[in-house]
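Engineer: This is the structure I have questions about; it appears just below.
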Amino acid sequence: MNPFFFMGFGHSHLVYFWNRSVPFNSTNETYCYSTARGSTVLQGVTFGGIPTVLLLDVTFFFILILLFSVIRKRFWDYGRVALVSEAESESRYNRLSTSSSVPEDLEYDRGFCSWMIAAFRMHDDEIHERCGEDAIHYLAFQRHIICLLIAVSILSVCVILPVNLSGDLLDKDPYSFGRTTIVNLQTGNNLLWLHTVFAVVYLILTVVFMRHHMKYVTYKEENTVKCTLFITGLPKNAKEETIQGHFTAAYPTCAVLEVQLCYDVAKLIHLFKKRKQAEKSLTYYEHLHQKYGKRVQINPKPCGQFCCCEMRGCEREDAVDYYTKVRNELMEEYSKEEQAVHNNPLGMAFVTFQEKSMATYILKDFNACKCQSIKCKGEPQPSSYSRELCVSNWEVTYAPYPENICWKNLSVRGLKWWFRWACINLLLFIVLFFLTTPSIIISTMDKFNVTKPIHYLNNPIVSQFFPTLLLWSFSALLPTIVYYSTLLESHWTKSAENRIMMHKVYIFLIFMVLILPSLGLTSLDFFFRWLFDRESSDSAVRLECVFLPDQGAFFVNYVIASAFIGNGMELLRLPGLILYTIRMIMAKSTAERKNIKQQQAFEYEFGAMYAWMLCVFTVIMAYSITCPIIVPFGLIYILLKHMVDRYNLYYAYLPAKLEKKMHFAAVNQALAAPILCLFWLYFFSFLRLGFKAPTTMFTFLVVNITIVICLAYTCFGCFKYLSPLNYKIEDTQGERGNDTDVPTIPTSSMYVPRVLHHSTERTMLDPKEQQSYGTMDNTCAQAEGILNYSAGPAV
């Protein structure tokens with residue numbers, strides 16, 4: 001995964017905002033947000049520090065681009081890591097095999113900076129062919145956000161900004177950032193109505209653009225996926241013949257083609273990967289011996305490649321003999337585990353029917369509301385096997401795509417899964433929200449006068465850049481913790497994993513970037529004083545300080561840093577390069593370094609990337625009314641993000657197969673941005689004008705109506721699954737025509753883990769199709785061709 005990149009902020013920034021303005025009858029000695037007197041970070045900068053930050057970030061961006069171009073030219077595989085990665089799955093195999101000659105296809109972007117032109121010239125058809133339809137939906141979502149921000153930029157800069165500048169509440173200093181904000185308008189100015197109306201317009205525009213995007217999120221489903229049901233709650237001693245007999249007896253009109261039971265294959269998958277690596281290393285040294293007659297000696301210890309002398313504990317061994325021994329040991333252990341797997345069923349099964357209508361009919365029988373007496377869920381049709389199979393305990397859903405299933409996680413379920421989930425998220429909450437929020441770290445550092453020497457340099461560039469670099473360093477690590485915590489939860493599908501990851505990362509980032517700093521809860525001690533100590537004067541939160549005249553300047557700086565430094569680092573993928581270097585150092589031999597190189601490409605984490613982008617989008621929309629100058633910089637961010645993602649999707653990441661729920665969830669999450677904009681405007685109006693002011697009442701009404709609509713929509717989405725209308729089959733002529741043209745794919749290979757394919761005797765796939773799932777013969781054949789690439793760094 002490409003680790004997150006952020007620029008956080010601390011309470012020291014807000015000291016500057018307070019010193020620049022003296023709002024609401026407060027004295028100069030009063031500090032908002034309970035900040036410490038004598039804080040030295042970011043005080044006395046011009047126009048909120050925006051010109052300085054812009055200059056530094058643009059300069060750093062060009063340095064990153066130059067560095068990436070040099071590395072890409074020197075180490076070509078770094079730029080096309082996804083194209084030289086081994087085929088670990090069907091989708092990856094297809095990605096390598098769709099093009100007959102990868103080097104010829106990439107010849108036009110081998111120049112020093114020609115990769116930039118290639119990112120622009122790349123058509124969606126090329127991206128779809130190599131990256132899949134999920135990448136197309138993701139990029140289409142970004143294009144809709146770009147169009148939305150273009151419209152918002154025009155309205156904010158051409159209408160809202162001149163209105164704010166027309167106010168006279170603040171001084172006429174041209175270097176005062178506060179003149180561009182809503183705070184510059186007098187309390188009784190009727191132009192404040194314009195801000196409220198435009199906030200509603202932005203909400204409507206967001207709904208329109210997102211609705212337009214959702215209409216074009218379509219998926220071409222394979223016949224087998226549409227005809228397969230996933231059943232949980234089976235007895236562990238259930239047999240395939242018994243399950244098939246139940247459906248045949250209970251639903252005589254529904255023909256069952258295949259029943260596949262699920263097994264605990266987590267350990268088998270781990271052994272399979274280790275065995276395959278050993279076999280590839282053995283193949284490498286056998287090929288070397290056959291071609292050059294060499295018998296290479298290696299040190300089979302971690303970092304053994306750096307041992308230049310033999311001593312006790314560092315003895316060298318013959319490479320062929322060592323990897324033959326390792327291969328045989330792993331093969332024996334693998335065979336034992338393979339035999340034991342079938343004795344450990346999970347009580348789950350994939351059942352495939354002859355037609356989609358049959359699967360839909362059975363799904364409706366199990367899940368649709370029948371409301372018989374006090375029951376909200378009727379009993380399914382019985383058979384003589386119903387009691388033996390405990391049919392009343394079944395949970396039936398449509399089966400996900402085979403590529404979407406995390407086979408090793410299926411064994412984690414029930415109370416074990418929920419206990420694991422609760423422990424992980426409780427620990428995550430404690431660590432992130434109470435201990436490691438970037439603003440808390442910086443505020444703690446500020447107490448110990450860490451930034452005092454920077455102040456003595458009296459250099460605005462250093463005083464501006466140093467805390468920015470610190471805050472970015474802390475912020476870059478924290479969302480990565482959220483990412484790995486989601487992986488530890490052991491979700492059954494990649495779509496669920498990405499969707500949960502998107503929601504968790506987004507919520508954490510919004511609290512870290514937007515909500516907590518805006519409310520002033522930027523240090524741990526102040527948070528607890530505010531929570532428990534009601535008598536202390538230091539614990540009182542001055543709500544009137546929430547909307548300081550220059551508060552939006554920091555968020556503008558944040559968006560600028562995300563646009564230039566964030567996108568530049570995402571292109572460079574420096575954390576991945578560091579991880580690659582560590583793995584290369586730990587390698588035992590040249591063959592293992594070759595294997596590591598082929599395994600550096602990972603599937604694109606749509607959930608994390610959606611959350612990253614939507615966090616910045618939310619900041620832009622939240623301050624688009626109160627601080628309109630933020631929107632053009634937000635547009636620059638999305639444009640650069642779009643180009644970087646196009647390049648990374650094509651060259652740096654493997655394709656991922658997800659469900660459309662993932663993209664719909666991103667659309668719903670995007671709607672939170674204009675709602676937060678309304679909240680921000682309501683808080684400002686409430687604090688400045690009071691609750692009974694017309695603009696406050698109107699904004700409050702709009703916010704409540706919006707929340708009610710969102711809740712109704714969410715509930716409708718949750719309960720729609722229980723409605724029989726959800727199972728209506730659109731049997732159009734076009735669909736029937738397509739079904740007749742596409743041959744039916746047998747399912748014995750579709751819903752079986754790759755590690756069990758060769759042991760499945762009833763497979764109906766031909767050898768070519770069977771190898772597309774990465775059998776050992778196919779892997780070894782590819783290994784011989786792939787191992788000849790250069791040893792440059794690849795991420």
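The backbone N, Cα and C atoms fix where each Cβ goes, glycine too.
A TrEMBL annotation is a machine prediction, not a hand-curated record.
Given the structure is predicted, the values throughout are model-derived calculations rather than measurements.
In case it helps, TrEMBL gives these features for our protein:
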DOMAIN    54-210  domain 'CSC1/OSCA1-like N-terminal transmembrane'
DOMAIN    227-409  domain 'CSC1/OSCA1-like cytosolic'
DOMAIN    420-690  domain 'CSC1/OSCA1-like 7TM region'
TRANSMEM  49-71  transmembrane segment
TRANSMEM  145-165  transmembrane segment
TRANSMEM  191-210  transmembrane segment
TRANSMEM  418-441  transmembrane segment
TRANSMEM  461-484  transmembrane segment
TRANSMEM  505-532  transmembrane segment
TRANSMEM  552-580  transmembrane segment
TRANSMEM  601-623  transmembrane segment
TRANSMEM  629-649  transmembrane segment
TRANSMEM  670-691  transmembrane segment
TRANSMEM  697-719  transmembrane segment
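Just tell me what is around each of these and how deep it sits.
Structural biologist: If you look at the transmembrane segment (629-649), the same-chain residues 6 or more away from its ends with a CB under 8 A from one of its CBs are 2, 115, 118-120, 122, 127, 131, 135, 138-139, 142-143, 145-146, 149-150, 152-153, 156-157, 161, 180, 552, 555-556, 559-560, 562-564, 566-567, 570-571, 573, 604, 609, 613, 616-617, 619-620, 623.
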Engineer: Please work out which recorded stretch in 49-71, 601-623, 670-691 has the most C-beta pairs separated by under 8 angstroms from the transmembrane segment (145-165)?
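Structural biologist: Maximum Cβ contact count belongs to 601-623.
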Engineer: Please average pLDDT over the domain 'CSC1/OSCA1-like 7TM region' (420-690) for the predicted structure.
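Structural biologist: Taking every residue in the domain 'CSC1/OSCA1-like 7TM region' (420-690) and averaging pLDDT yields 76.
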Engineer: At a C-beta cut-off of under 8 Å, are there same-chain residues at least 6 beyond the transmembrane segment (601-623) that contact it? List them, or none.
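Structural biologist: Residues 1-2, 4-5, 81-82, 84-85, 131, 134-135, 138, 141-142, 145, 149, 152, 202, 206, 479, 483, 486, 494, 497-506, 509-510, 513-514, 552, 555-556, 558-559, 562, 630-631, 634, 637-638, 641, 645, 648-649, 652-656, 658, 662, 666, 669-670, 672-674, 676-677, 679-680, 794 contact the transmembrane segment (601-623) from elsewhere in the chain.
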